[in-house]
Amino acid sequence: DKAPLSKSLLLVPSAISVLLTLLFQHYQKFFAYNLQAVKEDFQIWRLVCGRTICLDLKDTFCSSLLIYNFRIFERRYGSRKFSSFLLGAWMLSALFDLLLVEITQYIFGITINSLPSGFLSPVFALFVPFYCSIPRVQVTQVLGHFSITNKSLVYILGLQLLTSGSYIWILALSGLISGICYNSSILKVHRILCVPRWVAKIFSWTLEPVFSSAEPTNEVRVGMGATVDIQRQQRMELLDRQIMMSQVAQIRRQRQQQGGMINWNRLFPPLRHRHNANYQDHRPSEQGIPPPTEVSEEQVARLMEMGFSRGDALEALRASNNDLNVATNFLLQH
């Protein structure tokens, strides 16, 4: 839900890749990422065809799983900003692919005529915002020393994709470099390589209804964790959300005639200062809540880009101790 571009990237390239592998093998030559043909025969169209469809089903499967995990960015930033990142990373990585091939040939004397096909470099570029903006939450430990987090599976999938081909490391490196360049606030690449608003509107009118999904129902399945502790934590989180939603509805009814702003600080501190099992017995009082921290204008701007008002963004960030993820999740639920 709320990720039509991610859904289209999952369905369309994967379907074409399966058809080319099983039924139309004689058309695979048109989707080969042949750099020699690009440089010598000026077949520029190969930069488009060869960098969108995977010819290896293992690459198709791994890249599809990664796109599915990275759909959180489309939900967070919106389809236009997410597509702008993919477009910028795709264009920059095409340039870095050629540069890295030339550098490899100059230093090691290795001539590389072709690279693995597919939408791989932008997928690797998404690891940059994933590493920078997604919080790391420890799930368990292996042998008492190695931590397993909520991000471990995504990194394992990226490592699997990295080792699936001989020269795929070039695509991974070019993708990471392009992701860093696009994500950097110094280079200002995001202001140049972006999807125009009128193009985004056209696609939202034509393709978004095709790939949009129905909004999930309010009935949320819980208790699906691998251990009893995880299941108990899931139920507590669901209970917290229900309490917060009921409190918000009650406060809104009380202040509907006054027109005042919702006091988000009454809702977030119990979640920010709870201690799991002791949460219900040791709820902090309002007198013991620390003063709100200074709000980052960059994070306020990010929330406003998602459609929230400046007042709600300020209050949500102050109430969540300047935690952008907590503030975003709560605002999206209300």
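Note that Cβ sites are derived from N, Cα and C of the backbone, with glycine treated the same way.
Here the transmembrane segment (6-24) has long-range neighbours at 31, 52-55, 57, 60, 64, 67-68, 70-71, 74, 82, 118-119, 207, 211-213, meaning same-chain residues at least 6 beyond its ends whose C-beta is under 8 angstroms from one of its own. The feature transmembrane segment is assigned by TrEMBL to 6-24 (among others).
Among the features that TrEMBL reports, transmembrane segment is placed at 85-108 (among others). Tertiary proximity for the transmembrane segment (85-108) is limited to same-chain residues at least six positions away from its ends with a CB under 8 Å from its CB atoms, namely 5, 35, 38-39, 47, 51, 73, 77, 115, 119, 121-122, 125-126, 129, 170-171, 173-175, 177-179, 181-183, 189-190, 193-195.
Below 8 angstroms of C-beta separation, residues 9, 13, 17, 31-36, 50-56, 59-60, 63, 66-67, 70, 73, 85-86, 89-90, 93-94, 96-97, 101, 151, 154, 158, 161, 164-165, 167-168, 170-172, 174-176, 178-180, 182-183 of the same chain, each at least six residues beyond the ends of the transmembrane segment (114-132), sit close to that stretch. Summarising the annotation, TrEMBL assigns transmembrane segment to 114-132 (among others).
As annotated by TrEMBL, transmembrane segment applies to 153-177 (among others).
The domain 'UBA' annotation in TrEMBL covers 294-334.
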